[in-house]
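Each remark here refers to the structure printed beneath this line.
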Amino acid sequence: VGFKAGVKEYKLTYYTPTYETKDTDILAAFRVTPQPGVPPEEAGAAVAAESSTGTWITVWTDGLTSLDRYKGRCYHIEPVAGEESQFIAYVAYPLDLFEEGSVTNMFTSIVGNVFGFKALRALRLEDLRIPVAYVKTFQGPPHGIQVERDKLNKYGRPLLGCTIKPKLGLSAKNYGRAVYECLRGGLDFTKDDENVNSQPFMRWRDRFLFCAEALYKAQAETGEIKGHYLNATAGTCEEMMKRAIFARELGVPIVMHDYLTGGFTANTSLAHYCRDNGLLLHIHRAMHAVIDRQKNHGIHFRVLAKALRMSGGDHIHSGTVVGKLEGEREITLGFVDLLRDDFVEKDRSRGIYFTQDWVSLPGVLPVASGGIHVWHMPALTEIFGDDSVLQFGGGTLGHPWGNAPGAVANRVALEACVQARNEGRDLAREGNEIIREASKWSPELAAACEVWKEIKFEFEAMDTL
């Protein structure tokens, strides 16, 4: 057959509704909004083509390879209820298209080019199914949930954290003092804010030293293991590693990284270092809403969460369901399960498009953070369960008596909720009463209850099904 030049419709090659997906394929669910007049099959096929082997024209060198072996295929299209112009296109990618152990390469292939495509008005990657064969090429989280509990010797309850505020402007010594007060009061962790790196008012090395001093002092006084998430994020990978190495030399238990602004390549390098050197790795998702907040365009956070589990991190921020930041309950619980569990069944009511088998990849602790306070404690304990980190920044440091009493209030509230749950009480129904009872014997909690009794952030979540 001679080579026939010319532009042909994508769907002739890339729309294959009879295709049986393989266990080794990476499967993607895209929410596609085509330009008027572009039929769904053509739009779905265009997505498959442009994110795999295709280009806009038949090329001579197509004859030198086997397209059937390497092309992405749009194998199913379904309408979106209530949205005339949108549909879900399912695309299968052969495993050979991807470099082993590289989240960077996976994203460059699947979402790197196709989002600017003219025939589409909007495109959103809703979910990915990562095949076991590909999962096994990743190290994943440095330690995972069980190893973290063993390192910290803390079981049977969520962990408590606090972001040090004001996030910018404190000197290293005053910053360390705030860390000490919070840990001394009963928190497990304190945290650098995501944008605390190494600024003129507080260079990273000074902060690391004062925070290490604070946590050792609090550890000695409370007999509990304490941690402060030292943010190693930096302008270059070399500088990031230098900071992580210094943290290890100080003997602290945990460091932190902003995985989206820092990038997946840097994140995976840091995760490997953390596993080799016994450091836990806390991950902040700064910039995620730029990517995941629009309903019809971008990448859903559940995909970014899966990518983080592959790249590596022991904690990741995942919304609160109840505080000031985005997150609808069922959807949030869907990706929380994808972070923690070994095996997650397909469940469209929770936004999970594919059954995901993580085999033995360690799990990640979800971190609830943002506008939460003691009155939220029963709901958070019920929604997130034991394997989570509950982080109260303003909800600790905003206590009228100061940081340590703020920490005491949170710890008492948490212990009361865990005890009530273990006794079989219904946290959703009796939550306020449980907190009130506990506040009778904790003046710190009583003061916190008074301050936060009426604060709510009431807006509709954008991220609904």
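Just so it is clear, glycine is given a Cβ too, placed from its N, Cα and C backbone atoms.
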Listed co-binder of substrate (same site as N113, T163, K167, R285, S369, source Swiss-Prot) among H76, H228, H317:
H317
So among the binding-site residues D193, E194, who's got the most Cβ atoms within 10 Å?
E194
Which ones, of the binding-site residues N113, R285, H317, S369, have a Cα no more than 10 Å from the Cα of D193 (Mg(2+) binding site)?
none
Neighbourhood of the Mg(2+) site (K191, D193, E194): other residues with Cβ within 8 Å of the Cβ centroid, in order?
T163, I164, K167, D192, N195, V196, Y229, N231, M256, H284
Rank the recorded positions H284, R285 by the number of other Cβ atoms within 10 Å of each Cβ, and give the residue at the low end.
R285
Of N113, R285, H317, S369, which binding-site residues come within 10 Å of E194 (Mg(2+) binding site), going by C-alpha to C-alpha distance?
R285
